[in-house]
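What TrEMBL says about this one:
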| type | residues | note |
| --- | --- | --- |
| BINDING | G94, A96, V97, N101, S291, N323, L389, D392, S393 | Na(+) binding site |
| DISULFID | C200-C209 | disulfide bond |
| DOMAIN | 24-64 | domain 'Sodium:neurotransmitter symporter serotonin N-terminal' |
| REGION | 17-60 | region 'Disordered' |
| TRANSMEM | 118-139 | transmembrane segment |
| TRANSMEM | 160-188 | transmembrane segment |
| TRANSMEM | 251-268 | transmembrane segment |
| TRANSMEM | 280-305 | transmembrane segment |
| TRANSMEM | 317-340 | transmembrane segment |
| TRANSMEM | 376-398 | transmembrane segment |
| TRANSMEM | 419-444 | transmembrane segment |
| TRANSMEM | 450-471 | transmembrane segment |
| TRANSMEM | 491-513 | transmembrane segment |
| TRANSMEM | 525-550 | transmembrane segment |
Amino acid sequence: METTPLNSQKELTAYMDGEDCQGNSVLQKGVPVPGDKAESSQISNGYSAVPSPSAGEDTQHSIPAATTTLVAEVHPGERETWGKKVDFLLSVIGYAVDLGNVWRFPYICYQNGGGAFLLPYTIMAVFGGIPLFYMELALGQYHRNGCISIWRKICPIFKGIGYAICIIAFYIASYYNTIMAWALYYLISSFAAQLPWTSCKNSWNTGNCTNYFSEDNVTWTLHSTSPAEEFYTRHVLQIHRSKGLQDLGGISWQLALCIMLIFTIIYFSIWKGVKTSGKVWVDAAAQIFFSLGPGFGVLLAFASYNKFNNNCYQDALVTSVVNCMTSFVSGFVIFTVLGYMAEMRNEDVSEVAKDAGPSLLFITYAEAIANMPASTFFAIIFFLMLISLGLDSTFAGLEGVITAVLDEFPHIWSKRREWFVLSVVITCFFGSLITLTFGGAYVVKLLEEFATGPAVLTVALIEAIAVYWFYGINQFCSDVKEMLGFSPGWFWRICWVAISPLFLLFIICSFLMSPPQLRLFQYNYPQWSIILGYCIGTSSFVCIPMYITYRLIITPGTLKERLIKGITPETPTEIPCGDIHLNAV
């Protein structure tokens with residue numbers, strides 16, 4: 001294999017920026033590739049090049065003499081990319097805008113002073129959430145790998161972050177899809193002349209059921225329950241048949257069938273691929289982080305299928321704005337509904353909204369829809385929307401895991417994607433069974449509070465430190481400039497180096513200092529369940545110190561040499577560049 005020099009730096013830049021860079025070859029930046037017998041040209045900008053065999057023997061490129069070596073490599077199976085830019089943008093928006101926008105934001109906003117909450121929410125979005133969101137899109141698009149193998153090109157000793165993300169994704173799939181199963185059950189029940197949660201004359205209703213929307217004069221008391229609440233708790237969940245976490249009861253076969261249908265849809269969709277106080281600020285930081293969703297590996301996976309020069313900066317801003325505006329609109333709707341219900345019950349809004357989470361969807365919203373004209377039609381539309389929102393996020397979460405594993409073990413799974421996706425879906429289904437029991441709602445809340453929250457925050461903090469401090473903020477900004485043609489300004493650099501890590505550390509410390517006192521309906525979680533929750537949360541991010549220890553043990557040399565090797569990229573970053581492969585060595 002022969003190499004021929006490019007005549008100028010200008011030629012190299014022009015070549016990289018041209019249409020040929022969309023072809024079948026890659027520019028590789030990172031470490032040398034041993035064993036190439038060709039004499040490589042030397043260049044000053046960190047790249048070298050040789051023609052790939054597909055370019056033919058007559059292809060000639062030249063590079064001025066400099067300090068690094070370049071070798072050509074042939075990559076027969078190129079990484080797939082999004083068919084259209086809009087496909088990527090809608091997928092990221094679909095991931096970011098999920099069920100949490102509909103229930104979590106309005107509830108937290110109300111709990112923290114309503115309009116006053118918008119100030120810390122906006123500040124946390126600008127200085128914390130959006131910079132992290134932008135960072136993950138840029139990392140994934142530049143290095144073109146999932147959340148496990150990408151660390152070989154950034155900081156190998158932190159590869160445990162990828163494994164931790166995969167475990168967190170399994171926990172999320174174990175309860176998040178159960179909420180969609182509830183929504184599917186509601187959707188099926190909506191195909192009736194009269195919605196079943198509008199009456200107190202059903203077999204599951206109790207003597208406390210009070211239909212205050214009826215024409216009769218009724219009095220709402222402290223012991224009263226609405227038809228919608230009893231439909232949700234006694235018919236859908238059947239939670240009265242469980243004594244708590246210590247006795248969950250049997251599995252609801254209706255919900256089991258619903259979640260089987262949900263997972264079937266998931267499989268055939270992805271099997272082929274692509275009050276002003278300190279607590280106001282804590283809740284604002286947590287809400288913007290979980291809403292935008294950095295740290296879950298999804299943004300890395302989606303961005304890795306982008307074209308190299310895609311404007312991920314613009315994508316980050318557009319997605320963040322759409323996500324926040326969706327939350328605001330949801331807030332306006334829920335406040336209107338809660339106010340109307342409180343007026344009808346002659347109660348404070350705080351009493352109407354005493355149960356957070358999915359209860360707002362399946363009790364509050366359902367009750368409001370049931371008393372609208374054409375209620376059946378609007379119920380069908382509403383629960384279809386919930387399922388669509390949930391499916392988008394589930395597709396994204398599982399795709400993050402699938403991309404990570406296929407990139408890390410291509411020799412095993414690259415030709416067997418359908419079988420691997422099937423095994424992932426089946427594993428998630430069996431993991432969901434515990435949440436389908438009569439006391440499954442208790443498990444859902446426990447997993448929601450402990451299995452994902454503090455764990456993913458810790459993972460994101462370590463990821464930020466690894467990228468900004470070990471890989472280096474200057475190197476990262478150089479990568480962004482290489483893709484977009486401009487370097488991130490001082491605002492982004494300050495946020496990435498200092499503000500974003502402090503933002504994450506702030507949320508983690510606040511959580512540890514005041515762990516949540518869990519309560520669902522009339523059930524207070526026992527102390528042992530809180531300890532169990534911490535154990536579940538720790539089980540994911542413990543992969544990070546375990547891998548660091550493993551890496552230091554297997555690496556030869558002194559401790560200092562092992563550490564240096566651990567934080568030095570070990571494989572080159574491949575960049576599409578026409579018919580040549582360029583390696584920065």
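Any Cβ shown, glycine's included, is placed from N, Cα and C.
Positions of the features from TrEMBL, shown on the structure.
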| residue | record | Cβ within 10 Å |
| --- | --- | --- |
| G94 | Na(+) binding site | 17 |
| V97 | Na(+) binding site | 24 |
| C200 | disulfide bond | 17 |
| C209 | disulfide bond | 19 |
| S291 | Na(+) binding site | 23 |
| L389 | Na(+) binding site | 20 |
| S393 | Na(+) binding site | 23 |
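The two recorded residues V97 (Na(+) binding site) and C200 (disulfide bond) have their Cα atoms spaced 35 Å from each other. With respect to their backbone Cα atoms, G94 (Na(+) binding site) and C209 (disulfide bond) stand 38 Å from each other. Nearest by CA distance to C209 (disulfide bond), out of the binding-site residues S291, L389, S393, is L389. Against the transmembrane segment (376-398), stretch 251-268 shows more Cβ pairs under 8 Å than any other of 251-268, 317-340, 419-444, 450-471. Straight-line distance linking the Cα atoms of C200 (disulfide bond) and S291 (Na(+) binding site), rounded to a whole number, equals 37 Å.
Same-chain residues lying 6 or more positions outside the transmembrane segment (450-471) and placing a CB less than 8 Å from one of its CB atoms are 132, 135, 139, 151, 154-155, 158, 161, 164-165, 168, 171-172, 175, 286, 289-290, 294-296, 496-497, 500-501, 504-505, 507-508, 511-512, 533-534, 536-538, 540-541, 544, 567, 569. Sequence-ordered, the extra residues of this chain that approach the Na(+) site, with Cβ no more than 8 Å from the Cβ center of G94, A96, V97, N101, S291, N323, L389, D392, S393, are I93, Y95, D98, G100, G293, T326. Counting Cβ pairs under 8 Å that are 6 or more residues apart, the transmembrane segment (419-444) and the transmembrane segment (491-513) reach fewer than 3 and are not in contact.
Only sequence-distant pairs (6 or more apart) were considered; of these, fewer than three Cβ pairs between the transmembrane segment (525-550) and the transmembrane segment (118-139) are under 8 A, so the stretches are not in contact. A contact between the transmembrane segment (118-139) and the transmembrane segment (491-513) is present, since 3 or more of their C-beta pairs, 6 or more residues apart, lie under 8 Å. With a cut-off of 8 Å between Cβ atoms, the residues of this chain six or more beyond the transmembrane segment (251-268) that come close are 177-178, 180-182, 184-185, 188, 236-238, 387, 391, 394-395, 398, 421-422, 425, 428-429, 432-433, 436-438, 440.
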